[in-house]
Amino acid sequence: MAGGGGGAAPAPKQDELQPHPVKDQLPNVAYCITSPPPWPEAILLGFQHYLVMLGTTVIIPTALVPQMGGGNDEKARVVQTILFVSGLNTLLQSFFGTRLPAVIGGSYTFVAPTISIILAGRYSNVVDPHEKFLRIMRGTQGALIVASTLQIIVGFSGLWRNVTRFLSPLSAVPLVALVGFGLYELGFPGVAKCIEIGLPQLIWLIILSQYLPHAIHAHKPIFDRFAVLFSVAIVWLYAYLLTVGGAYRHAAPKTQLHCRTDRSGLVSAAPWIRVPYPFQWGAPTFDAGEAFAMMAASFAALVESTGAFIAVSRYASATPLPPSVLSRGIGWQGIGILLDGLFGTGNGSTVSVENAGLLALTRVGSRRVVQISAGFMIFFSILGKFGAVFASIPAPIIAALYCIFFAYVGSVGLSFLQFCNLNSFRTKFILGFSIFMGISVPQYFNEYTSVAGYGPVHTGARWFNDIINVIFSSKPFVAGLVAFFLDNTLHRHDMRKDRGYHWWDKFRSFRGDTRSEEFYSLPFNLNKYFPSV
């Protein structure tokens, strides 16, 4: 820096006062979509993705199966089925869908309608728990099969393409931000269920991934890239020692359930080898009311997945998703929900938000890594006992991972503000109001439900209640809806630059930018037969 004359402070250089330049693709990503890491590293990274998606895969059946009347045997089989179908869906999505490194796994959005089915009057007179479990499972299967048609039609017809054409960086911010931040209830509250395991996991993960690499000046990024494997191994061992050492011998049953490493009941119940197959629980049953509730969840999941896909494309260092590719991905996700219904997972699927966050932590956005992780899912779902060992990681460890991964996805949502004019009052209003309502409206719906036992909308028509209550309990849905509506109705033509719309112009059609071809074109020359527009 040139010294100023006579002891005066040197004048700042011109470039130091420049704002950070806007980037179409996220820089500093070690491996983008199309560049796979070396095989040994790719396999380890794939295993890490498998480990991270296990959390949701186990937590959902653990909550639902006992309510359905199932025991540990059924729980183990449902976990295996979800794993198997998630593996298939992830492969389908990465080969034929958006082609992004997105893991397609279980989804919390579908839990509410499933509980609605569990509480439905038509199952209350079944006495035998196993029979009740089978009947409810067949009911959810029928509802999922019907609900999947929504995403299949909206995706493959190109309807969603026409909607997302109007998405600007400004309206993407609240949507993507709340896909991550909206899951805050699954973060620290889960860690605190067993604080002596959850907190060390959170601290270890931050030390290994953020502080250590800078402290030791490592040439190869080992600790930050495999921080999840190292930290989970350390804390899981520590939790095991606490369990064996008798630390929880006289603890309350709830504490034992969260803290002990031998309480999941999965390892003993899982079969050695079992291949999940369609209609394994019997023929699905169809009920219009239940199907409508599931449809609502499918619609909310469609919006959430759109946000998650945008986050994944950013962390994979790809260019913004062309609407036609996004629509194609939603169609394939509909096929994923159809597979959920055929195999009987008791739950729909969406883009795994935690795995999107893992892309950020490892800085590896390679498609091959996620395809390898899908291989692990299928492999461990068939070899039940081995899969069950990893599936019995205590939930507070998983919740600690969530704290970091959901935060990464939320922050990538905020990063789209670089394309917007933050000094415009219109931007401030849309941004603030949509994020606030996205948190506030679902808060009211959830609070009302937890006190009253039913949602705020309780007319005589149960299907109508379920639709409204499910949709407005989704934070990204409400935020995205409000932002999308305001952004496209409030004098949008004069404000084109303020909302960042012009930055995404060349990505609105598949041919608009040559990089779209590189990242998103279909394999095996399929683009000839299924052209993207």
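Keep in mind that glycine also has a Cβ here, set from the backbone N, Cα and C atoms.
The transmembrane segment annotation in TrEMBL falls on one of the ranges 166-186, 271-291, namely 166-186. Checking the ranges 27-45, 198-216 against TrEMBL, the transmembrane segment annotation falls on 198-216.
For the transmembrane segment (397-417), the partner stretch with the most Cβ pairs below 8 Å, chosen from 47-66, 78-96, 228-248, is 47-66. In terms of C-beta pairs under 8 Å, the stretch of 47-66, 102-121, 198-216, 369-391 lying closest in packing to the transmembrane segment (78-96) is 369-391.
A Cβ distance under 8 Å defines the sequence-distant neighbours of the transmembrane segment (466-486), meaning residues of its chain 6+ beyond its ends; these are 109, 112-113, 116, 166-167, 170-171, 173-179, 181-182, 289, 292-293, 295-297, 299-300, 303-304, 306-307, 429-431, 433-435, 437-439, 441-442, 445-446, 449, 455-457.
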